[in-house]
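> Here it is, the structure, as structure tokens.
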Amino acid sequence: MENKPYAPEQWRAWLTPVIFVVCIIMFVYTMHVNNCPAKTADSHQCVLRDILGRYSFQPWKENYLLGPSISTLRDLGGLDRNLVVRKNQKYRLLSSMWLHAGIIHLVVNMTSLMLVSYRLEQEFGFARIAPLYLLSGFGGSLLSCLHHKGKKEIVSVGASGALFGLLGTMLSELIANWTIYENKCTSLSVLGSVIALNLAFGFIPGVDGVDNLAHIGGFASGVLLGFILFLRPQYGYVSEKYIAAGYDAKHRKPKYMHYQQLCWIIALILLVLGYITKQVYLIRMGNGRLRVSVRAILSTTKETGYYEEERHGYQKNIARNRL
């Protein structure tokens, strides 16, 4: 009987379909809450009002992705830097990744999810995909929140930070487990091209509404998490042509290479320091704004005897989606 090289068993992928379904349910619920005909001055402007009723989309000029209003996304947990920093609503760093700005946004992200995450879960199992998905999404939201300092307030939603984390993990997994792959250069070139094209899309002049910072934060988190969670011992995962006749690869002792151990240590240190540093910076930003507000109140009270609460022009906000 001919000996075959040992290969890891395939896991049954169930987490990825669950994420897929949850995102769809959340979008339907978002449109239910949005209720464009009831909340828009001219209900005839709601897209597909006669067919979808309360689930119809906002007018084209307001949301070209066929989705809800900005206020609805904010109310349901969209990433608003002002609310995270000033109101300490840190939950938005995670809740925003389950919302989508429109049906087009949803279809693009869910297609990418099934193409990328499903294969990874089959190969590595849900226990690794779950923390990867959540931590990459969190990392993308964190970077997005900290560095959006424009005059316009931004509401950012979408799973793209987590999806770019999956792409980053595919890259680091390829590098960390280099010896087990055939056609290494081809695999690296194809994957690198896909990542580069997706990242470059957000920097094209004239393309608005793409949260590049969430993409970069998610991708960087994914690369580091790939070195931590997706290392494979170098045994048996070799091409059949390199196995001597009559040799049973199943009895070969697993062994992590020294470069894998080094990558694991460096990645863990960078990931922990990165998350801690960014969160400390976020807390300091909130405290700094609090001190400024207290000084303003004291100054105004002393001069006029009263303080009028600041009103923010939320109606001028724009929704930034993570395509």
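Backbone N, Cα and C define each Cβ position, glycine as well.
Where the annotation comes from TrEMBL, it is an automatic prediction and has not been curated.
Heads up, here are the entries from TrEMBL:
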TRANSMEM  12-31  transmembrane segment
DOMAIN    88-230  domain 'Peptidase S54 rhomboid'
TRANSMEM  97-118  transmembrane segment
TRANSMEM  130-148  transmembrane segment
TRANSMEM  154-176  transmembrane segment
TRANSMEM  188-207  transmembrane segment
TRANSMEM  213-231  transmembrane segment
TRANSMEM  262-283  transmembrane segment
> Which listed stretch (12-31, 97-118, 213-231) has the most C-beta pairs under 8 A with the transmembrane segment (154-176)?
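Against the transmembrane segment (154-176), the leading stretch is 213-231.
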> Should anything in the same chain at least six residues away from the transmembrane segment (12-31) have a Cβ under 8 Å from its Cβ atoms, list it; otherwise answer none.
52, 54-55, 57, 67-68, 72-73, 76, 98-100, 103, 106, 109-110, 113-114, 117-118, 121-122, 126, 129-130, 133, 159
